[in-house]
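Enquirer: Input: one structure, supplied below.
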Protein chains: 2
Amino acid sequence: MNSNDTITPFSDEYFMKQAIQEAYKAFEEDEIPVGAVIVSNNRIIARSHNLTERLNDVTAHAEMQAITSAANYLGGKYLKDCTLYVTLEPCNMCAGALAWSQITRIVYGAGDEKRGFTRFTPSPLHPRTEVVSGILEEESSELIKSFFAKKRN
Amino acid sequence: MNSNDTITPFSDEYFMKQAIQEAYKAFEEDEIPVGAVIVSNNRIIARSHNLTERLNDVTAHAEMQAITSAANYLGGKYLKDCTLYVTLEPCNMCAGALAWSQITRIVYGAGDEKRGFTRFTPSPLHPRTEVVSGILEEESSELIKSFFAKKRN
């Protein structure tokens, strides 16, 4: 599906579109453009984008900030009945954090062959976490490609 | 070696002893007792202990806080020429963060069969990071055992 088509409210595409908007913010701030939202009961409870450059901190990935922020919102550290939407396949650090959070679902856009968590055995995720991939994949990966093309110029 | 023996200054045991002191702080605050320090040029540039309960945040492991704090001290996100001393084998999340930081050395005390990063293939660490394990292992693991024994009573 093309992301410019009509999107059904509260669908995976709908929330991924919000994560992509976060990725655009990162792009504009000269950060590797990855964005995330966390949704609970059809409501976005956390929004974030990669801030590793601005914060000088390798742990400031979009997902890590979203996990901290959602736990803060919920008043508890476990993200049960929550879904993370993230534009790029989480890295191993973020997958480890998601495992600790026991999040219910993870939906990501583009795959990340070099850094993605799916390279690892055993799976770094919690065994009950459901994973969906490839949602609005093209838009997320094009944004990252544009970022690195811009960097090379 | 028993940790009550004389310890050579600036040795691995010397710095691990400092990490164990951090773990005792966690114990006193009713947190799973894991402590860490990061050392650069024989100087401790970050100290931290597990704060997941107090902060309601699964990402608040000792190592994660130490990485953020050391990068802040150094003014850059890469921990080159730094050694992390941590009382327990890092989990996968922390190993992923340590990989991004490109830290030079990791020294840990007790192994963690269930949650430790060494269970994963390929190794989650940066290929150039040196790892030493088992330093003051007994003291670290006894502290964790005492913690869980106390919890069960």
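Heads up, residue numbers simply count up from 1 along the chain you see.
Cβ atoms here come from the backbone N, Cα and C positions, even for glycine.
Curation plays no part in TrEMBL annotations; they are all automatic predictions.
Sharing the feature lines straight out of TrEMBL:
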DOMAIN    B:10-120  domain 'CMP/dCMP-type deaminase'
BINDING   B:H61, B:C91, B:C94  Zn(2+) binding site
ACT_SITE  B:E63  active site, proton donor
Enquirer: Cα-Cα, whole number of Å: B:C91 (Zn(2+) binding site) versus B:E63 (active site, proton donor)?
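Expert: Distance between the two Cα atoms comes out at 9 Å.
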Enquirer: According to DSSP, does B:C91 (Zn(2+) binding site) sit in a helix, a strand, or coil?
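Expert: Strand, per DSSP.
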Enquirer: Is B:E63 (active site, proton donor) helix, strand or coil when read with DSSP?
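Expert: Assignment for B:E63 (active site, proton donor) reads helix.
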Enquirer: What's the most sparsely packed of the binding-site residues B:C91, B:C94, counting other C-beta atoms within 10 A?
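Expert: Among the binding-site residues B:C91, B:C94, the lowest count of other Cβ atoms within 10 Å belongs to B:C91.
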Enquirer: Fill in the CA-CA distance, the residue listed as 'active site, proton donor' to B:C94 (Zn(2+) binding site), as an integer in Å.
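Expert: Cα of the residue listed as 'active site, proton donor' to Cα of B:C94 (Zn(2+) binding site) measures 6 Å after rounding.
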Enquirer: Same-chain residues six or more away whose CB lies under 8 A from the CB of B:H61 (Zn(2+) binding site)?
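Expert: When sequence neighbours closer than 6 are ignored, B:H61 (Zn(2+) binding site) has B:V34, B:N50, B:T52, B:P90, B:C91, B:M93, B:C94 within Cβ distance under 8 Å.
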Enquirer: So what's the mean pLDDT when you look at the domain 'CMP/dCMP-type deaminase' (B:10-120)?
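Expert: On average, pLDDT over the domain 'CMP/dCMP-type deaminase' (B:10-120) sits at 97.
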